[in-house]
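If you check TrEMBL, you get these features:
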BINDING   F45, I46, V47, V48, H49, R116, T304  substrate binding site
BINDING   H290  heme binding site
Amino acid sequence: MRRGARPAGPGEITYSSYLKLDRILSAQEPESDRLGVDAHDEMLFIVVHQTYELWFRQILHELDRVQSDFAQTPVDDWRMRRMVHSLHRVHEILKLGIAQLDVLETMTPQDFLDFRGLLSTSSGFQSLQFRLLETRLGLGSTRRLLYEGKTVDADMSEAERAAFRAAEVGPTLRGQLEAWLMRTPFVTGERYAFRTAYREAVVAMLAREREWADDVAQTDAAEALERAARAFAAIFEPNPEAGWIMSPQAVEAALFITVYRDHPALHMPNALLGALMDIDEAMALWRHRHALMVERMIGMRSGTGGSSGHDYLSRTAREHRVFSDLFRLSTYLIPRDALPELPAEIERRMGFVYAAEEKR
Ligand code: HEM
């Protein structure tokens, strides 16, 4: 509350005045009612979509604070904890969004046909808040799929397009993550380079496994190890063809955080990476789930927004990932007992302060 502002007196705020229920509950106006068509399920269709838009609003509200916290240099522990908390909330909302499709699927394809023709060319494709959400997470126009050469802002009003373009200019959460990862301390210092230490550990681990494969004359296993050794080149000798979205330094820092996550200083950074993966996974699940529901409702017909429908949506589920680099890191993990030991100085600095002071 603004300092000095007077709180409302008894009875001045009621449940419905506070929640503006008169406005919210008068915003369901089925086209079928207006035109006198019998289509009972159009109300459900409207309510479900409106509920999504409210949740998108909440997610964007969470992102406002997360992104403002992430814009700080450095991001202090207190802000980091708050960011992880908000991202966890976003994940819970997205899970609810996936579950909500179950309710919509109680409408049969035949019931949908009662009013589908009344929707004209309107489509979820035109949801500005959904575009802002994807864009602010980090789905840039260069990675977006187009259909029929149409960009996602093609049917937007001027005001919507301005908001969308502003989100595109950024900063995006993915961009902020990358900048933050590149500032991660400990990864490379004067006397220590994680990349070198990790590469030596991988080479030693693969050599041990190769010896074992030679002993038992397992040619298949030996070939698999050769392939594994070549695959590791994607992090040790990064090049543009390696297919990472983030820069090599950012990927390296994310790997460092992941493998040494048990150290107290890395608990929150690791929780942050986990929360972003949860969100990416939930978005992909929603896209898959929505595509399946669309197939169930309209089969292979094209969408009211003009796309190929199910086919276009399934491709977005595969290709519109934002934090897939973090998932890909698992390819390059090695067992705990093969991990290179950290220099004592770094180990000490990544411990709890009181524990580190006792050790001195
Ligand atoms: C009967 C239910 C639904 C059907 C048949 C349906 C159909 C479609 C189709 C065919 C598209 C592709 C664009 C087009 O050509 O129109 C699409 C896109 C989209 N729909 Fe739905 N939809 C349904 C429910 C929902 C709901 C409940 C939401 C929640 C907000 C939603 C959000 C979206 C979004 C955000 C897109 C754009 C996806 C992208 O471009 O990545 N849809 N929908």
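Cβ atoms are placed via backbone N, Cα and C, with glycine included.
Small disclaimer: the values here were computed from a predicted structure and weren't measured.
V47 (substrate binding site) and H290 (heme binding site) have their C-alpha atoms 17 Å apart, to the nearest angstrom. By neighbour count, meaning other C-beta atoms within 10 Å, the densest spot among the binding-site residues H49, R116 is R116. Checking the binding-site residues H49, R116, T304 against ligand 1, the ones with a C-beta less than 6 Å from an atom of that molecule are H49, T304. Within the same chain, residues at least 6 positions away in sequence whose Cβ sits under 8 Å from that of V48 (substrate binding site) are Q100, V103, L104. Counting in whole angstrom, R116 (substrate binding site) lies 17 from H290 (heme binding site) by their C-alpha atoms. On the backbone, the CA of H49 (substrate binding site) and the CA of H290 (heme binding site) stand 12 Å apart. Packing around F45 (substrate binding site) is summarised by its Cβ count: 20 other Cβ atoms lie within 10 angstroms of its Cβ, all protein chains included. Around the Cβ of T304 (substrate binding site), a 10 Å sphere holds 18 further Cβ atoms from the protein chains shown.
Between I46 (substrate binding site) and the residue listed as 'heme binding site', the C-alpha separation comes to 16 Å. Cα to Cα, H290 (heme binding site) and T304 (substrate binding site) are separated by 15 Å. The secondary structure of F45 (substrate binding site), as reduced to three states from DSSP, is helical. Burial estimate for the binding-site residues (I46, V47, H290): highest at H290, by number of other CB atoms within 10 Å.
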